[in-house]
Amino acid sequence: MVFNITSSKTSSDGAWQGDNPLNYAFPLLIIQTTIVLFVSRFLAFLLKPLRQPKVIAEILGGILLGPSALGRNKEFMHWIFPSWSTPILESVASIGLLFFLFLVGLELDLSSIRRSGKRAFGIAVAGISLPFLFGVGVTILLRKAVDGAERVGYGQYLLFMGVCLSITAFPVLARILAELKLLTTQVGETAMAAAAFNDVAAWILLALAVAVAGNETHKSPLISIWIIISGAAFVSFMLVIVRPAMNWVARQCSPGQDILDEAYICLTLAGVMISGFMTDLIGIHAIFGAFVFGLTIPKGGEFAGRLIRRIEDFVSGLLLPLYFASSGLKTDVAKIRGVEAWGLMALVISAACAGKILGTFVVAMLCMIPVRESLAFGVLMNTKGLVELIVLNIGKEKKVSFPCTF
C-alpha cells in the first residue's frame, strides 16, 4: 500500500477506531525521535569509557539507523522511516541546525581574531590554504576515478571539496579546549582565534560554492554574481544595521525585568528564523543567515548567556540527533566497494589531516612557537565533527556532491 501523506490528517483517530498511528506524520515523528534519542544515548554510554564526544555516538547512531545497517530491513524502513516522512524529519532537524549555527555565531567572538594579531591570522591562513590545495588534487583524482563525478560542475566541486578538507569544527574545538582546561591558555586562545577566522572563511567559501552551483539550474551566468552580491549586501546590512540594534537590545536586558527580557529573547529567536529565510531567498543556504545573525549578538553579557541557556540543551539534546539520523538515512557504506574506493577514501582523509596539521605546524614554527606547541596547534586545528557533516549534507542537497562522495 502506498500512503499519501499530502491527503491525510496530521494525527490519527487512535487504534480503537482502526487507525495505525504510524501512518500519520505526528505520531510517527514521535516514534522516530524516541528511537533516535535512545540509539544515540545508548551508543554515547558505550563510548564513554573511550572518552569519545557525544557527536561520535550521534553520527554512528544515524548510520546504524540508515541503509548501512537497520535500514537494510525493508519492514523497518517501511514502518519507521518511510520515504514520505523524510521531508518532515529533515524539516524538524533543519530547525535545530538553524539554531545550532546561530549558537556557533553567538559563541564566536570576532574581536578575538583582532586581539590575537598576526600569529593567529597566519596559522588560520595556513590551516585553510594547504588542505584546500590538497583538496584540488583530490578533486582531480575523484573526477577521473568516481562514476558520476563528471555530472558535477568542476568549479563548484573544487570549492566544495576544498571547504570539506580545510574547515575546522569551531564548536567542537571550543568544547575540547574547555574539557582540557586549555581555553584560557595562550595555546587555547590562539587556536580559538585561528579557528574563528577559519570558520568565517569556510562559510563564505561554502556560500560561494552554493551560489556557483546555481548555474546548473539557471542558464544565465549572472545568477551566481547576483547571489554573491546579494549575500554581501545581506552581511553588510547585518553588521552595520542589525549589530548596533542588538547591542541596544542586550543593554536593556537585566535580571529585574523578566517580562521585557522575554520579549527581547522572543524577538531574537524570530530574528534567527527571518535571517535564515532571507539567505534562503537569496539562494544561499538558510544556516548562513542564522550564523551571521549570531555574529551580531554582543558576546559575554547577560543577554548572550540567557540565549545560550534557553536554546542550547533543547537544540543539542533533541533536534541535532535528528539531523544526524536524517544524514544517516542518506548514507550507505555499502556504496564504497573495492580496493580503489577504500583507497580513495583513505586518500581524502590523509589529505585533510596532513594538509591541516602540516600547514599549521610549519607556520607556527615560523612564528617562533616551540615544536611541541606547534604540533599541538596542528592537531587542534584538525578538529572535525558536526560542521563537516553539515557541509556534506549541503553539498548533497545542492547537487554539488554525489552519493559515493557523500
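Backbone N, Cα and C atoms are what each Cβ position is placed from, and that goes for glycine too.
Taken straight from TrEMBL:
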| type | residues | note |
| --- | --- | --- |
| DOMAIN | 39-399 | domain 'Cation/H+ exchanger transmembrane' |
| TRANSMEM | 24-43 | transmembrane segment |
| TRANSMEM | 55-71 | transmembrane segment |
| TRANSMEM | 91-108 | transmembrane segment |
| TRANSMEM | 120-142 | transmembrane segment |
| TRANSMEM | 154-178 | transmembrane segment |
| TRANSMEM | 190-211 | transmembrane segment |
| TRANSMEM | 223-242 | transmembrane segment |
| TRANSMEM | 263-293 | transmembrane segment |
| TRANSMEM | 341-371 | transmembrane segment |
Chain residues outside the transmembrane segment (55-71) and at least six past its termini with a C-beta under 8 angstroms from it: 35-36, 39-41, 43-44, 46-47, 77, 81, 172, 320-321, 324-334, 385-386, 389
Residues of the parent chain within Cβ reach of the transmembrane segment (341-371), under 8 Å, 6 or more residues beyond its termini: 119, 122-123, 125-127, 129-135, 137-138, 141-142, 145-146, 164-166, 168, 194, 377-379, 381-382, 384, 404
Cβ contacts under 8 Å made by the transmembrane segment (190-211) with residues that lie 6+ beyond its boundaries: 104, 108-110, 112-113, 115-116, 119-121, 123-125, 127-128, 156, 159-160, 162-163, 166-168, 170, 173-174, 177, 183, 224, 227-228, 231, 283-285, 288, 291, 360, 377, 380-381, 383, 387, 391, 394-395, 398, 400
Positions whose Cβ lies under 8 angstroms from the transmembrane segment (263-293), at least six residues beyond its ends: 94, 97-99, 101-102, 104-105, 203, 206-207, 210-211, 214, 223, 227, 230-231, 234-235, 238-239, 242, 246, 249, 252-253, 303, 306-307, 310-311, 390, 394, 398
